[in-house]
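Novice: Before anything else, here's the structure in question.
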Number of protein chains: 2
Amino acid sequence: MSEGEPRRSIATVCLSGTLEDKLAAAAVAGFDGVEIFENDLVASANSPVEIGEYCRDLGLSVDLYQPFRDFEAVPPAQLADNLRRAERKFDVMEQLGTDLVLVCSTVSPTAVDDDELAAEQLRALAERAAARGMRVAYEALAWGRFVNTYEHSWRIVRRADHPALGVCLDSFHVLSRDGDPALIRTIPGDKLFYLQLADAPRLDMDVLQWSRHHRLFPGQGSFDLTTFAANALEAGYAGPLSLEVFNDVFRQADPRPAAVDAMRSLRLLEEQLGYPVAEPAPQLSGYAFTEITADVEICPSLTRTLGDLGFAHTGDHHTKPVQRWTNGTTHVLVNTDVSGNGGPESGTAGCGAAIGALAVESADPPRSARRAEAMRSPILARERGPEEAGLASVAAPDGTNVFFCDSGAADGWSSDFRGAGAQPGAGLGITGIDHVSLTQPFDHFDEAALFYRSVLGLEPEEVAEYAAPFGMVRNRGMADAGGSVRIALNGTLVRRGEWAPVVRDPQHIAFACTDVLAAASALAESGAPVLRIPDNYYDDLDARFGLDAALLARLRAHSVLYDRDGHGEFLHVFTELFGDRVFFELVQRIGNYAGYGVGNAPVRMAAHRRNRMTANGR
Amino acid sequence: MSEGEPRRSIATVCLSGTLEDKLAAAAVAGFDGVEIFENDLVASANSPVEIGEYCRDLGLSVDLYQPFRDFEAVPPAQLADNLRRAERKFDVMEQLGTDLVLVCSTVSPTAVDDDELAAEQLRALAERAAARGMRVAYEALAWGRFVNTYEHSWRIVRRADHPALGVCLDSFHVLSRDGDPALIRTIPGDKLFYLQLADAPRLDMDVLQWSRHHRLFPGQGSFDLTTFAANALEAGYAGPLSLEVFNDVFRQADPRPAAVDAMRSLRLLEEQLGYPVAEPAPQLSGYAFTEITADVEICPSLTRTLGDLGFAHTGDHHTKPVQRWTNGTTHVLVNTDVSGNGGPESGTAGCGAAIGALAVESADPPRSARRAEAMRSPILARERGPEEAGLASVAAPDGTNVFFCDSGAADGWSSDFRGAGAQPGAGLGITGIDHVSLTQPFDHFDEAALFYRSVLGLEPEEVAEYAAPFGMVRNRGMADAGGSVRIALNGTLVRRGEWAPVVRDPQHIAFACTDVLAAASALAESGAPVLRIPDNYYDDLDARFGLDAALLARLRAHSVLYDRDGHGEFLHVFTELFGDRVFFELVQRIGNYAGYGVGNAPVRMAAHRRNRMTANGR
């Protein structure tokens, strides 16, 4: 924790593994404290004393113990049992070394709707807690039987009027019910005992199921957590910003990257709250280059196709087996050193080729790198030769390298390349990279969106879902404010099993093109491997849009796909696959079409599968 | 299709793959027809004529083409375009060789709430269809903008009054809204053009999302499809029973077993409707035996522990490397031939041991086998020696062999075993097998429940979900009416990834025991590998239940776990793992406790992981 920054905490329930796994991951990610979830402790072979010591060794405070359920507004006999139960938990807290327990509003069928009784019993609990130097944070569950708004929990706490009793605010419980966070400012800061932060996608479903399965880290969902947290801070809340996220995917994912994702989400939120956690993201102005890592077997067909696309081989890296291919000012690097580039999931292992790196033009590359580091992105160490350009780069969650470039600088990335004699290619109307599409590893979809948002300042669009031939797919476009850098993230709704593994985790570079029909015609003449789209698609297009017959005939003849939305039209054409996952696309946006043609993705996927099966002789 | 049985159809959207994959799977599973989903056809490289021919070659009729959306109640200009669109689809239908199209009630923002107009325009559509020898089935989507009940769709069809216009009834759209299926009987049978069947779990969520992601095959969810379908049949519906199930898991699973699962669901429904599809399930009276397949390295510790549990080695199979171990009348077979037993997912490959077979006592084993075959279960071919018992068996979805036995018969399964000289063991109060717990492969959880329900006649209980250390788990108990055969199915909510692979897909045999505390004490004395449960668990137990101190001390001393529900109490103790997934449990039900102690499962799972990591020296 730096000065001027808040304390950061995370509930163990956010992460997968044993309690010890979770604590270690939280510490490595830089959290200051944890909320210990009872179930995690109960399953541990380490005693509460040992866990408390382990936390302190890791530099973590135990900020909260939770949950304590169904305490208040019960008949007297039940109260005695509940107080006995509480004393046992105070024992555990004492051993852990924490003084704060979370009490959730009751859902018990034996409780009664009586605020006076609830206040009286919570006061009795607070009295017991105070006698042991402890405090009680009372939280309104969104599905609490009688108390399900924070205003109501505060009325009861105020009525109980005990210094050891305050409220816990959980953003999910408030915002899932469209609660007004402005009223938080009416609660005295010293009665705000704890602040739990969780985001979520806006779903129309039972709030308990929504809460238990679909919470997200801040910045990954639809909630306005900035306003929520700002209200608590303005009210004088002085405790940690703590994450409490129940999510089916995070619960089973490696806790180490998940904890980093969590930390990144908090830092982005803090920035929005005005804390000086990072320098602002420099303005972007497009892609400097993209780099494809390819086996030497795949490289020839890949570069031949780049040639078909109007790219020329304009240089070779002076120390590495990397070719530069250029069309106008658009660059694609082809790297045949498949040993080190990218993480294991982005590597070419077994798939022939992969997109190893994206490079964006930054107005201030060193600042971009400092921001990335502040946002907890792994800075990639580079062996830099004496004459090599100082390229700053970080690793995205899927292992893709992200470079920050200033191509205009004298020591820009291009200075590492020695001319191969060729002038930049031209033709086919390619004007740049429209977007790069990357299929994310199942566990990292939401993490990836947050990464590109926090590191590059790209804004995520709505998630679109579609039925692909081998399962449901989701797609989320991200773009900078000027639309100069676009990334399309893709992922499956269910982690892929053994069935239909032919084309796994597709990735592609989509080049912006001024006339896709003309380009597709030229590609056909040059014998380029254009992906063949079946007639059925065009018959359906005709039925749906009633296109001009001549246009439809040209689309059909050249396997160009078509889409239309309220803002414009979209023409696009694909190549076949290079290896098992990489291909190219040419796209033409007419008017203000803002999408990625995802409605056509199932057709493309089926075509790539046929293409692959034919190539493999199956 | 046998005489007296209905025609059976399936929508291609139920299955994963290309259209060709889906059609082949439907045909192999024995369907008579299909509904072709437009998206599947559009992505196919085969023309509608070729697909139609392929269907006929496979013995499948094309019963329906769907969906046609947003047709009715629109302004005149839009109507002209919609009719043009329809004519293009009639072209496709003609080529496919089907005469029926599904029109869904409109969700278009340009449509108006005017039944008269809707009827008039649907009549115009029907007139066009009739001119080409086709018919239109109008369906009320549960989320239709104006028409969202089948009664309403029928009012419009009646008003349109055209012989080529009828209604399509989809059970999901009716039952998700708690519609009353009794009114179906008021619709003339010849106006019921099509019947689509889908089950679903009862979920409190947006009905469109529920429909698109969570439908199930009949018998796998909570809907009363028997009454629904019976009403349509009583009304005179004479078309196929057709499945239309949108499910995220089925959409990405191998379509071949999924189609068999679908067919099994229909046959079970038909039986409930009174069709003579299968002989009734014979009464069960407990487990004859369970069989564990174990590597020779694992076998000694496994059998030594069976000895600790009071089992004696009472025989050896006269031709196979199978030992019989017996305690009283409870038998466990240990098979060291790991080559052939069970399917690939139940095999011991890489995990040391697996439960290879369950054998139940059937009042009529041949009838059980005939029923299993009628329910489309793969009958296992057995190489039967001249002196071997004729054991009928089938394969469960996870590859586990299920045997039907009559142990009292002269040629019962035991006659294959030659005495090893030992008398049956005794002691530890073991009275039988309480249940067998099997973790299902991710794609087959719902299929497994339907398999045991339809083949053995076990009734599924509610699905329970719990948070385990490495992700969410669901558990579904199944039992015969007398409670003599219980199976607990387990599965993860998210398909497991690479993280935490130490104990994968646990399986265990739970023996019923008259006194688990005494048994656990005896096991400790014999040095049996009892799974050590941490103190934290007992401290929490004390807090939760306020148990008698002496009882708590005994539970703690012997690592016995405890649960309580409204009907009784449950004591249970586990062994360590044999290999990577198999272990034993002793359970004692006090009063009418009906559960499986799933609340304790996370503690057990964490303990097994520690146990495993210690054993592996990690």
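Counting starts with 1 at the first residue shown.
Keep in mind that glycine also has a Cβ here, set from the backbone N, Cα and C atoms.
Grabbed the feature section from TrEMBL, which reads as follows:
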{"type": "BINDING", "residues": "A:Glu139, A:Asp170, A:Gln196, A:Glu244", "note": "divalent metal cation binding site"}
{"type": "DOMAIN", "residues": "A:432-576", "note": "domain 'VOC'"}
{"type": "BINDING", "residues": "A:His435, A:His508, A:Glu585", "note": "Mg(2+) binding site"}
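Have a look at these and tell me how they're positioned relative to everything else.
Specialist: Taking the Cβ of A:Glu244 (divalent metal cation binding site) as reference, residues of its chain lying under 8 Å away and at least six apart in sequence are, in sequence order, A:Ala11, A:Val13, A:Cys14, A:Glu35, A:Asp170, A:Phe172, A:Gln196, A:Leu197, A:Ala198, A:Arg215.
Note on A:Glu585 (Mg(2+) binding site): other Cβ atoms within 10 Å of its Cβ, all shown chains, come to 22.
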Novice: Which has the fewest other Cβ atoms within 10 Å: A:Glu139, A:Asp170, the binding-site residues listed?
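Specialist: Among the binding-site residues A:Glu139, A:Asp170, the sparsest Cβ neighbourhood within 10 Å belongs to A:Glu139.
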Novice: May I ask for the distance between A:His435 (Mg(2+) binding site) and A:Glu139 (divalent metal cation binding site), taken between their Cα atoms and rounded to an integer number of Å?
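Specialist: Checking the Cα atoms of A:His435 (Mg(2+) binding site) and A:Glu139 (divalent metal cation binding site) gives a distance of 45 Å.
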Novice: I'm checking region-level scores; what's the whole-number mean pLDDT for the domain 'VOC' (A:432-576)?
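Specialist: A mean pLDDT of 95 is what the predicted model shows over the domain 'VOC' (A:432-576).
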Novice: Test of understanding: give the count of other CB atoms lying within 10 angstroms of the CB of A:His435 (Mg(2+) binding site).
Specialist: 22
Novice: Starting from the Cβ centroid of A:His435, A:His508, A:Glu585, the recorded Mg(2+) site, name every other residue in that chain with its Cβ within 8 Å, sequence order please.
Specialist: A:Asp434, A:Val436, A:Ser437, A:Ala488, A:Ile509, A:Ala510, A:Phe511, A:Phe584, A:Val587, A:Tyr596
Novice: Just to be sure I understand, if DSSP states are collapsed into helix, strand and coil, how many residues of the domain 'VOC' (A:432-576) fall in each?
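Specialist: Helix/strand/coil tally for the domain 'VOC' (A:432-576): 45 helix, 55 strand, 45 coil.
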Novice: How would DSSP class A:Glu244 (divalent metal cation binding site) in three states?
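Specialist: DSSP call for A:Glu244 (divalent metal cation binding site): coil, neither helix nor strand.
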Novice: Are there any residues at least 6 positions away along the chain from A:His508 (Mg(2+) binding site) with a Cβ closer than 8 Å to its Cβ? List them or say none.
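Specialist: When sequence neighbours closer than 6 are ignored, A:His508 (Mg(2+) binding site) has A:Ile355, A:Val436, A:Ser437, A:Phe574, A:Val582, A:Phe583, A:Phe584, A:Glu585 within Cβ distance under 8 Å.
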Novice: List the residues in the vicinity of the divalent metal cation site, defined as same-chain residues other than A:Glu139, A:Asp170, A:Gln196, A:Glu244 with C-beta within 8 angstroms of the site's C-beta centre.
Specialist: A:Leu102, A:Cys168, A:Leu169, A:Ser171, A:Phe172, A:His173, A:Tyr194, A:Leu195, A:Leu197, A:Ala198, A:Ser242
